[in-house]
């Protein structure tokens, strides 16, 4: 393939397909030098004025700012800062109406000017050759310089991405759209500064060739630039035929080199980089004068504007303020355009501010503006395809855009559309094709943005899963190493498992016995265990619990005041004596007394005490009644008869209780199971109450 420089050096100019020659209407505004617009009282500076994301705010409400002071700062070359257009106070930071047909609002910094227009401290650069290209790119970025030809792509990022790749640097001065003359007047009035800005770009990029391309309808601009070069041959000025849209990047590259930029790639892929003349001027001001991009040249034209021309307008100035000072009278019948008649946008609210994208304010009257005709059905005439300079098929893209068939729209290369407006200009059905294409692009971009977010989330999830897997593998590896270390320790200890030995010592400590530290686990005392519902092995504390209950019941019996207590004490003494006699055997067997047997013995003692108390009380009552009856052999007294009946019932009850007690005692002896301590305590209390009642009854009878 022929090299781009070879084709350029041939001196030939190529002609692209399509294109038109609309009425230029440039003479309305290019006859007078650029003037300076009046300072407004209030400025509304949008925080995002470029193709990219907005930066982070550096100011807040109530702050005083100086002219050129940064209001935002990004975290990369693609996030451009914005600057204060004049000195004043930040009144608010809130959404403000944007210069867009949608009429939507965007975040803006509202600055109330103090009228002093005082600059922040500046550090001009006298010799930029003493700085590295990277340092100059940083200065361009911090000045907020973006492409002023319409795309507003961050200049610093664009230049940085093309380092070492550029063979041909093209400075675009074609300005092909009707009515717009801001670049024409800039080249006439500031040719020397534009040349200096081009040389700065050449120093950074180091291309082999530099060319300034201008349409042949701007002879004054061509002469001004050639005069400023003063015979220097470090750059060329090449005049090209006037044809719309020869100022578009891909079309201008084809005109100069005959080469097309591949689909989906940038011009740097073929060794070409393009910048606008206004961008070159802004680069010079940023590097040499240390002035950020806070103003730009705006063309004020249209028959509704009496004082036409080009003005330096501060960014953030309300559009209605500018139009008011050039004699514009609002008229609802005719809209105001930001941009030219081919690619411009209608502004629904004139309070919207000027931004870096605004190169023209067009206010036509009834001689220049036709009311929008009624849209009709497409007749498949192919006029749009014939006029398209990018070799697209607008009629097909129109159908797919209306059907929201995004896949087909991409297949027909909708994203290659430069939105020049030619298809809508030549359409006999008056179909606003560019509006359909812009809406379809926005939908596709939104879908792609969501897909990117989803993919990023997927990548984060997979990275997290991989991290968790690595951690799990590391944990398993640590466990395996620990197990291997335990096996080695077990082998070193001659078969004694250190874990089992530690568990044995812990169990021995809980049982109140000192573990043998130096011995093996087999030498530790045997500890009874039971199984829980979950299958875990825990120590069996039932014997200790029964022993504690027996001791508590014994203390309760000892502290009692009834005869039962005395009997219980005597029986307890008997049991203690028996236990004392059995002590040698216990010592011989080296076994502690069985708590279950102790509990059974206590229960038997309580039963015997209860029986003795009932027997004694019954005999005393019987003897007293018999004696009184023998001494007084008279007719039976009803009271005595009742007493006798009660005595009989008491004897019968006593006999029954004695029989039940003996049976229970025998069963208890046969089945050595510890009685329920609560029931035993209740029974003992009832027995004491009955014995006390019987004793009181016997005393009353004696009296």
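Just so it is clear, glycine is given a Cβ too, placed from its N, Cα and C backbone atoms.
According to Swiss-Prot, the features are:
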- 369-398: domain '4Fe-4S ferredoxin-type 1' (DOMAIN)
- 378, 381, 384, 427: [4Fe-4S] cluster 1 binding site (BINDING)
- 388, 417, 420, 423: [4Fe-4S] cluster 2 binding site (BINDING)
- 408-437: domain '4Fe-4S ferredoxin-type 2' (DOMAIN)
- 467-542: region 'Disordered' (REGION)
- 485-497: compositional bias 'Basic and acidic residues' (COMPBIAS)
- 555-680: region 'Disordered' (REGION)
- 559-577: compositional bias 'Low complexity' (COMPBIAS)
- 578-592: compositional bias 'Polar residues' (COMPBIAS)
- 598-629: compositional bias 'Low complexity' (COMPBIAS)
- 641-669: compositional bias 'Low complexity' (COMPBIAS)
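Counting only same-chain residues 6+ beyond the ends of the domain '4Fe-4S ferredoxin-type 2' (408-437), those with a CB under 8 A from a CB of the stretch are 18-20, 22, 244-245, 248, 250-251, 263-264, 342-343, 372-379, 381, 383-384, 386-390, 392-394, 396-398, 400-402, 444. Each residue contributes its Cα atom, and for residue 378 ([4Fe-4S] cluster 1 binding site) and residue 423 ([4Fe-4S] cluster 2 binding site) these two points are 12 Å apart. Around residue 423 ([4Fe-4S] cluster 2 binding site), the same-chain residues at least 6 positions away in sequence with a Cβ under 8 Å from its Cβ are 384, 387, 388, 394, 433, 434. Each residue in the domain '4Fe-4S ferredoxin-type 1' (369-398) has a pLDDT score, and their mean in this model is 91. Ranking the binding-site residues 381, 417 by how many Cβ atoms sit within 10 Å of each one's Cβ puts 417 at the top. Note: the Cα of residue 427 ([4Fe-4S] cluster 1 binding site) and the Cα of residue 417 ([4Fe-4S] cluster 2 binding site) are spaced 16 Å from each other. Note: the Cα of residue 381 ([4Fe-4S] cluster 1 binding site) and the Cα of residue 420 ([4Fe-4S] cluster 2 binding site) are spaced 19 Å from each other. When Cβ atoms from all protein chains are considered, those within 10 Å of residue 384 ([4Fe-4S] cluster 1 binding site) total 26, not counting its own. Surrounding the centroid of the Cβ atoms of 388, 417, 420, 423, where the record places [4Fe-4S] cluster 2, the chain contributes additional residues within 8 Å, namely 384, 387, 389, 390, 392, 394, 418, 419, 421, 422, 433, 434, 437. Helix, strand and coil content of the domain '4Fe-4S ferredoxin-type 1' (369-398), in residues and according to DSSP, is 10 helix, 0 strand, 20 coil. For the domain '4Fe-4S ferredoxin-type 2' (408-437), the DSSP counts in helix, strand and coil order read 17 helix, 0 strand, 13 coil.
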